[in-house]
Amino acid sequence: MSSGGLLLLLGLLTLWEVLTPVSSKDRPKFYELPADIGPCEDFTGAFHYSPREHECIEFIYGGCEGNANNFNTLEECET
């Protein structure tokens, strides 16, 4: 690859780093966990952060166990 190509690649990577939202960089690792309904059957609405969608998504939660990527409200998930 030519030096011009390398400089272009470096510039694009730098731009991508700058434009990546700070909130997604600072999210704890449990936000990478998938939505987990859990083994119980007390079905209720809950929210989890989707790294693929870069937003909080509603899902049906069974009411027990599951994992740490589980929030009662959209507001809790987004903070």
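Backbone N, Cα and C atoms are what each Cβ position is placed from, and that goes for glycine too.
When you check Swiss-Prot, the disulphide partner of C40 from the set C56, C64 turns out to be C64. Around C77 (disulfide bond), a 10 Å sphere centred on its CB holds 20 further CB atoms from the protein chains shown. When the domain 'BPTI/Kunitz inhibitor' (31-79) is classified with DSSP, helix, strand and coil residues number 7 helix, 15 strand, 27 coil. Each of the disulfide-bonded residues C40, C56 was scored by the other Cβ atoms within 10 Å of its Cβ; the lowest score goes to C40.
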